[in-house]
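Q: Dropping a structure here in structure tokens format, bear with me for questions.
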Amino acid sequence: MSAYYRNNWSEEDPDYPDYSGSQNRTQGYLKTQGYPDVPGPLNNPDYPGTRSNPYSVASRTRPDYPGSLAEPNYPRSLSNPDYSGTRSNAYSAASRTSPDHPTSLPEPDYSEFQSHPYHRASSRQPDYPGSQRNPDFAGSSSSGNYAGSRTHPDHFGSLEPDYPGAQSNSDHPGPRANLNHPGSRKNLEHTSFRINPYADSLGKPDYPGADIQPNSPPFFGEPDYPSAEDNQNLPSTWREPDYSDAENGHDYGSSETPKMTRGVLSRTSSIQPSFRHRSDDPVGSLWGENDYPEGIEMASMEMANSYGHSLPGAPGSGYVNPAYVGESGPVHAYGNPPLSECDWHKSPQGQKLIASLIPMTSRDRIKAIRNQPRTMEEKRNLRKIVDKEKSKQTHRILQLNCCIQCLNSISRAYRRSKNSLSEILNSISLWQKTLKIIGGKFGTSVLSYFNFLRWLLKFNIFSFILNFSFIIIPQFTVAKKNTLQFTGLEFFTGVGYFRDTVMYYGFYTNSTIQHGNSGASYNMQLAYIFTIGACLTTCFFSLLFSMAKYFRNNFINPHIYSGGITKLIFCWDFTVTHEKAVKLKQKNLSTEIRENLSELRQENSKLTFNQLLTRFSAYMVAWVVSTGVAIACCAAVYYLAEYNLEFLKTHSNPGAVLLLPFVVSCINLAVPCIYSMFRLVERYEMPRHEVYVLLIRNIFLKISIIGILCYYWLNTVALSGEECWETLIGQDIYRLLLMDFVFSLVNSFLGEFLRRIIGMQLITSLGLQEFDIARNVLELIYAQTLVWIGIFFCPLLPFIQMIMLFIMFYSKNISLMMNFQPPSKAWRASQMMTFFIFLLFFPSFTGVLCTLAITIWRLKPSADCGPFRGLPLFIHSIYSWIDTLSTRPGYLWVVWIYRNLIGSVHFFFILTLIVLIITYLYWQITEGRKIMIRLLHEQIINEGKDKMFLIEKLIKLQDMEKKANPSSLVLERREVEQQGFLHLGEHDGSLDLRSRRSVQEGNPRA
């Protein structure tokens, strides 16, 4: 054991004398009677590395070896009584036993401390005759006349302990000298056996007659003394400390140690002193000398670690060497040896955890298991074990109520289906890898645009599935064959062949579809209006839910305002091993770090009054100019729309219908570029503010244009007396949507590419451009608004928009990677998605609801086309259906819902107002949390300053103490250096501030 730490670095070498693997070679000899002494380091006294060889280079008992670990007695040695700093020198200035020493540590006054003269944490060494520190005492470890001393010339290499109570101490024989002691091996009537706390005993028994034992036990195997077989089935015999005060003293064992072995293993209870941990006493960490020598006679015990060595001072040992208490090493926190990963639940802690999980509900049990710091496999095994134990208990107790069992099964099935659905949705999620690449290279600001595009794509997929299932498929069953010729120009104009298809409102029938005389009927009027209403209602609640979710995640949660430092420090996933994935993760981390640092820098920036005045003036000028440009564009669109109807009557060219969409698309492309140039004048410090301003200006422009067009459609086209004005409006919306898509593609592949050529080759000072988030996001909002308006007049618009968004994602991604550079000012866009959805909800979606409400409640449908032909208003189809339901008592609740909710035009406006009020309340809650977080942050900073002040005061007091008592620091310095020599390469975290400062000052190279 004494060579454990000294030879720890060489235990992996099979040729090293103390290599643990060499011990296994002798196991075959140990199992035989009278086995011969094989040449090796274990039992060869002449081997150079053996402990009993007095001339061994590594022997601790070699008196002339300068590096010996025995007690040195050279001048200025700690064991030399003439040394000024020794503890046994009564006249030493630093003597801790000197009552006049000003820095003498006070002695604890509790009774238990006085009853243990060998208590290691005692600051005052006992000087009674039996004390080890008394050099005149024969049993003292510092006495050279002691028979078992390491420095005794006639007893080299003895491993017999020299503390009082050891076998070779005649004055204090202890319990081992008593042949009738219950724990003695010479007492054949006792059924106990010894426990070896260390593995360095090499399996050699130390009782008399061990060499001639007929049946020598195997190495580290079963005990061989008489009556040992009776106790082989004791559950915790080899793993518990056997002294009497193990539970109240210094016990490293488990808190649930069985009580069955307390009365059996009592051999060491009478000789085991009480020790405190090194880290419990700040002064005890400075003592480098061992109160007891290391040569304790030991027997074998079951090994727990992978090297075959029991750790010195390991829990469960009968004797704990205070020299190794608190040392760093693979020592477990519990007394039992460590179990394998698959058998951890068999430990007392695992059984306790299982017992605590059984009475929990299913939801609480899942949360508790999920919070366990274990691997997924261990969590699954734990869940299976708990379910198995719970099923066993349920058979023993009374059966639960039928309703409770039903509710539990329903909740369990719901959780499983929810988890399965979540896994399926995650597996089919689009563009996960592409989005990670975009976020890693361009940051979260650019990534927010592509996330918004994907969200809109999912939205349109749902709308198309709904329309296709309840409107288009039933119409296919009664549709007539289209006799018009397809030329290909219909893709751009939307007229001709597409007019007599399911694409437009005028193609649908107004009759009730019924197959057979006794088959169920299908009312197309109700199906058409209810499907459109269900689609818009679903969009409404989806927008509310998404906006609330993003608002909660990005505004209310306090971790958003913590700077993300914790995430940046602890976010690395060590399961990522693929090279590309690792590089992508590194890019994401570096981008997030730059975003956090830029925000911290921008928050701390302050401007002077003149700078604020200049910027405010620039902002006012930019807003006036942008508002004037938007008003001029809206006026131009209005006059062009009024002229367009007359223009189409006089021109029969199929391309004439593209005039209005072409002009509107040119305005939508050119004006946002002009708005983006205002950044050169405004110069916002925070890029987020710049994006917000551009979004507000662009949304004002685009929604104003859409409002002008809606006014033109509802007041000019609807009242123009055309044969099917609903189809004309649907064709106009289709052309606007298609033209906007074409302009976006041309701008991506041609305009942005030309800008890249100019910036890289012609005018290099311009460089690559940055991605304009505001302009691109408003293109998506503009297109989606047109889709919602046109879904009533063109049910296939969600499908068309779905294809356009799919193509636009890849085109924007290619253009982004080729023609753009990352933002020069990195900033976090975690709140951008919330703002995008809010703009999509208001004013976009609310404006759509107003437009469709006016269409349904105020306008007369065409008399010769569409499902509502012949009705005075679109809503009259609902009125007639409600009148039919009012005659049936079972459907009166439907009548009430319609008349009080759906029939009220103001219902949607009231609901929108409620949402805005709730949003405002949440905003105020968020502001209050911001203030609280700021106050707590300041409190943490102040507490840190207070601690630094106290540390400085403590350092000053220690410096004053050092100047007043320099000799005590010399002693402590030598003790620390000796500890560093004995435990080289280990970190001792229990050194106090004074010892560390003394070591640094005494050894400047350190």
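Glycine too: its Cβ is placed from the backbone N, Cα and C atoms.
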Q: Would you confirm whether, in Swiss-Prot, ALA641 and PHE820 belong to the same side of the membrane?
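A: Both are annotated on one side of the bilayer.
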Q: Looking only at residues six or more beyond either end of the topological domain 'Cytoplasmic' (857-900), which have a C-beta under 8 A from one in the stretch?
A: 505-510, 523-526, 528-529, 714, 718, 722-727
Q: Would the transmembrane segment (836-856) and the transmembrane segment (459-479) count as touching if the test is at least 3 Cβ pairs under 8 Å, pairs 6 or more apart?
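A: Touching, no - the transmembrane segment (836-856) and the transmembrane segment (459-479) miss the threshold of 3 or more Cβ pairs under 8 Å.
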Q: Same chain only, please: residues at least 6 beyond the ends of the transmembrane segment (733-753) with a C-beta under 8 Å from a C-beta of the stretch. Say none if there are none.
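A: For the transmembrane segment (733-753), the far contacts come to 491-494, 503, 657-658, 660-662, 664-666, 668-669, 709, 769, 779, 782-783, 786-787, 789-790, 793-794, 797, 800-801, 804, 807-808, 811-812, 814-815, 818-820.
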Q: Are there residues at least 6 beyond the ends of the transmembrane segment (699-719) whose Cβ is under 8 Å from a Cβ of it, and what are they?
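A: 627, 629-631, 633-634, 637-638, 641-642, 645, 664, 667-668, 671-672, 675, 725, 728-729, 732, 736, 778, 781-782, 785-786, 789, 839, 843-844, 847, 851, 854-855, 859.
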Q: Work out, from DSSP, the number of helix, strand and coil residues along the topological domain 'Cytoplasmic' (676-698).
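A: Counting residues per DSSP class in the topological domain 'Cytoplasmic' (676-698), I get 18 helix, 0 strand, 5 coil.
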Q: In the same chain, who gets a Cβ under 8 Å from the topological domain 'Extracellular' (720-732) while lying at least 6 residues past its ends?
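A: 493-495, 499, 503-506, 645, 657, 660-661, 709, 713, 790, 792-794, 797, 861-862, 864-866.
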